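Below: the structure, in structure tokens.
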């Protein structure tokens, strides 16, 4: 009996860079793309290659994810919380951790009833004073938590290099 063997590199020549289907990466309560539900193109041809994720993936704001940035002068976290009102969100600083919590009770939307809750924690960098951290909510549902970074004190100086005549590593004794 003959058994057909399908080699994965024929279908996905860039296997390490191939991302899994977004179907399993979705957040509950969010929409799916039509391409996530119907894989007709992949079943019609063994040579069909799905576009790389960086070409087809939406930005972080459309996926419900967060973005943490550490810039030269500030630390910031941007978090998509468009499904929550300001009263349903809490931002706390506990030691060197920022904790963001959002919760809304069950309510009806166009697909039925849904309730949501999330907890996110972010470590505050050592050069950010926890007392200076602020948060704001934009009109499009992006929560921004940020704080200024402490500036490095003292001016920059060049350290001269001296040359020594002896080796840094002593020679091993000969046998």
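Cβ coordinates are placed from backbone N, Cα and C, and glycine is handled just like the others.
Note on residue 83 (Zn(2+) 1 binding site): other Cβ atoms within 10 Å of its Cβ, all shown chains, come to 17. Look at Swiss-Prot and you will find 83, 111, 119 tagged as Zn(2+) 1 binding site.
Note: residue 106 (Zn(2+) 2 binding site) has non-local neighbours 113, 114, 115, i.e. same-chain residues 6+ apart with C-beta under 8 A of its own C-beta. Look at Swiss-Prot and you will find 104, 106 tagged as Zn(2+) 2 binding site.
The domain 'sHSP' annotation in Swiss-Prot covers 56-164.
Swiss-Prot lists 1 with the feature N-acetylmethionine.
If you look up Swiss-Prot, you'll see 19 (among others) marked as phosphoserine, on the strength of a large-scale study or a structure entry.
Annotation source Swiss-Prot lists phosphoserine at 45 (among others), citing similarity to another entry.
Annotation comment: Swiss-Prot describes 59 (among others) as phosphoserine.
Proximity of residue 92 (N6-acetyllysine) to non-local residues of its own chain (separation of 6 or more, Cβ distance below 8 Å) is seen for 98, 99, 101, given in sequence order. In the three-state DSSP scheme, residue 92 (N6-acetyllysine) is classed as strand. Positions annotated as N6-acetyllysine by Swiss-Prot, on the basis of similarity to another entry: 92 (among others).
Feature annotation from Swiss-Prot assigns N6-acetyllysine to 166 (among others); the stated evidence is similarity to another entry. Contacts of residue 166 (N6-acetyllysine) defined by a Cβ separation under 8 A and a same-chain sequence distance of 6+ are given as none.
Long-range neighbours of the region 'Disordered' (145-175) within the same chain, counting only residues 6 or more positions beyond its ends whose Cβ lies under 8 Å from a Cβ of the stretch, are 70-77, 79, 91, 98, 100, 122, 124-125, 127-130, 132-135. The region 'Disordered' annotation in Swiss-Prot covers 145-175.
Sequence-distant contacts of residue 119 (Zn(2+) 1 binding site), defined as residues of its own chain at least six apart whose C-beta falls under 8 angstroms from its C-beta, comprise 99, 100, 101. Per-site Cβ counts within 10 Å over the binding-site residues 104, 111 peak at 104.
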